[in-house]
Amino acid sequence: MAGARGTRNAEAATARPGKRLADPEPELEPEHEPERDEAGPPSSRTEVVSTQDEDEYAEDSSDEEDVRNTVGNVPLEWYDDFPHVGYDLDGKRIYKPLRTRDELDQFLDKIDDPDYWRTVQDRMTGRDMRLTDEQMALVQRLQRGQFGDVNFNPYEPSVDFFSGDLMIHPVTNRPADKRSFIPSLLEKEKVSRMVHAIKMGWIQPRRPRDSTPHFYDLWAQEDPNAVLGRHKMHVPAPKLALPGHAESYNPPPEYLPSEEERLAWEQQEPEERKLNFLPRRFPSLRAVPAYSRFIHERFERCLDLYLCPRQRKMRVNVDPEDLIPKLPRPRDLQPFPTCQALVYRGHNDLVRCISVSPGGQWLVSGSDDGSVRFWEVATARCMRTVTVGGVVKSVAWNPHPTICLVAAAVEDTVLLLNPGLGDRLVVGSTDQLLSAFTPPEEPTLQPARWLEASEKEQQDSLRLRICHSKPVTQVTWHGRGDYMAVVLAAQGHTQVLIHQLSRRRSQSPFRRSHGQVQHVAFHPTRPFLFVASQRSVRLYHLLRQELTKKLMPNCKWVSSMAVHPAGDNIICGSYDSKLVWFDLDLSTKPYKVLRHHKKALRAVAFHPRYPLFASGSDDGSVIVCHGMVYNDLLQNPLLVPVKVLKGHTLTRDLGVLDVTFHPTQPWVFSSGSDSTVRLFT
């Protein structure tokens, strides 16, 4: 019984008649009435707020304080970067409330809280405030354009201060000023100044404007005082030609056309006729009829005068030699190769590719006769011949000085050869490096297969065989000698593969294809890969795996590409006989386009040390150019052609197929369709 009585007392205390749980909503306009769920119970927050509005001091306690911001008329944007928004009456900071509510919480408040529509945020304290009915009525009056005070009547009758009746006494009996009946000295001085200015002619009196328009004769005499006489570029109107014998009413017999001449004149176009009329003979001047084309000719004459350009073209007297840029003399740009020194003979078919060892002592060449030959550069002596049994499309000597290895592309295989030339320690360390590889326990799926050479093949210098699914068209080494890029004659994203020699791993770096790949090259110092397709050159960042730049050579078909040793400039050769120079820091468009060759370019190359680059073409010539790249970024590269080297004979309409420079000397090697390799020094 005691428990039940306590429960009933608590319920009675909760719902005592002195306090209502919720105020009735004020009558508002329909557009401001919030949507409310009639079946849903009122929220607890509504009850608390409404109870406080009913009796403000019913549940007041001594702990609650009046939070009032005392910052004064200060822009609140100054407190955006601080955790507080001002100071209260005691000088303590008023901290901003934590705004951890997201848009979902605000939407739930909007649905559940019936007072959400009348709750605003106080910017001075950062707290939410519920507007009272009086404040809501004030806002609605201001929205309707009414006065804020509800008791103000804007239409009160005006009280007329003056009655309109004539009174005896004046409103004020103040005596008149002395200045009201004495002339002003200031105005007198101003008037005297204006009279003096009119006398001196400084001020012109206003004259009535003449409304008639002014015309002047466009073709008046060249009077220097006339309007047109002062124009230096004025051209006088051309005079009409005086009438000749053909215009006479009684011309001589030789001016009268015959019947055949009259028919030929009628069949001619009006622009092709010598005369725009046919001469006729009349017995007397009185018998001459009115001219039928008079109005037409007058109109054409007016058109000629109206549409004629009235300006003299000033011819600039410039010597054509001055327009040609001043290039330095070739003798000032030495050294560069000037003459043929050696011819390397031994192949039986066209030599497609050549490569020089890093030290410059040995030369390797690949031919269509199915052999790879190693030559001594200084003596043109063939040191070794390796028969590979297929057309050699590309050869590349490993650029690392401590690795003696040559990559040769034969059909769908890349052969790694150790020619055994030069330092025996380097040759032995290369074989030791290849034999130190241990295959992984779980072989991974790769786009190429690495096969060891047999003992017989190893005696013929073959060490490794990398087999692909498609024919290989090019092979090139990275500058450090561990990575190698190959180009396959295939469609799709597997046209370019990158092989790692030390781990015998192959990977395809691209996910999709951007056309048929013609040539690839590594950047000399940075992790970039240049990929040349038929119409563009793309620069990829290998670490970030993203496209960095796309160069547009404006050529029909790119055939070859070479990268400057500094890495900031590249050259591209094309089958439409253009050599394009790109400055990567300047633009994605060509810096210079050189059209020195008559036929298609097959190969281009940069010298590793000297400012030289060369191009080989199907016209059988090698053109050597001076290409100086300055360290000053504000100075453009200097490109000067210095020498045309000839020596190869054309075979099957093919000329020079590959060019490469000696690594240390200003020498250039070229291989041609005449089965020879030539050295120019």
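Positions of Cβ are set from backbone N, Cα and C atoms, glycine also.
It should be emphasised that the depicted structure is a prediction, and the values quoted were computed from it without experimental measurement.
Look at TrEMBL and you will find 1-68 tagged as region 'Disordered'.
The annotation compositional bias 'Basic and acidic residues' is assigned in TrEMBL to 29-39.
Residues annotated as compositional bias 'Acidic residues' in TrEMBL: 52-66.
For 79-337, the entry in TrEMBL reads domain 'BOP1 N-terminal'.
Taken from TrEMBL, the feature repeat 'WD' applies to 344-385 (among others). Remote same-chain partners of the repeat 'WD' (344-385), defined as residues 6 or more beyond its termini with a Cβ less than 8 Å from a stretch Cβ, comprise 391-401, 404, 406, 408-409, 417, 419-422, 461, 651-652, 654, 657-658, 660-665, 669-679.
Within the same chain, residues 335-337, 559-565, 571-581, 639, 641-646, 648-650, 653-661, 663-664, 666, 668, 670, 672, 680 sit at least 6 positions outside the repeat 'WD' (594-624) and bring their C-beta atoms closer than 8 Å to a C-beta of that stretch. Taken from TrEMBL, the feature repeat 'WD' covers 594-624 (among others).
Confidence across the repeat 'WD' (594-624), taken as the mean pLDDT and rounded to a whole number, stands at 91.
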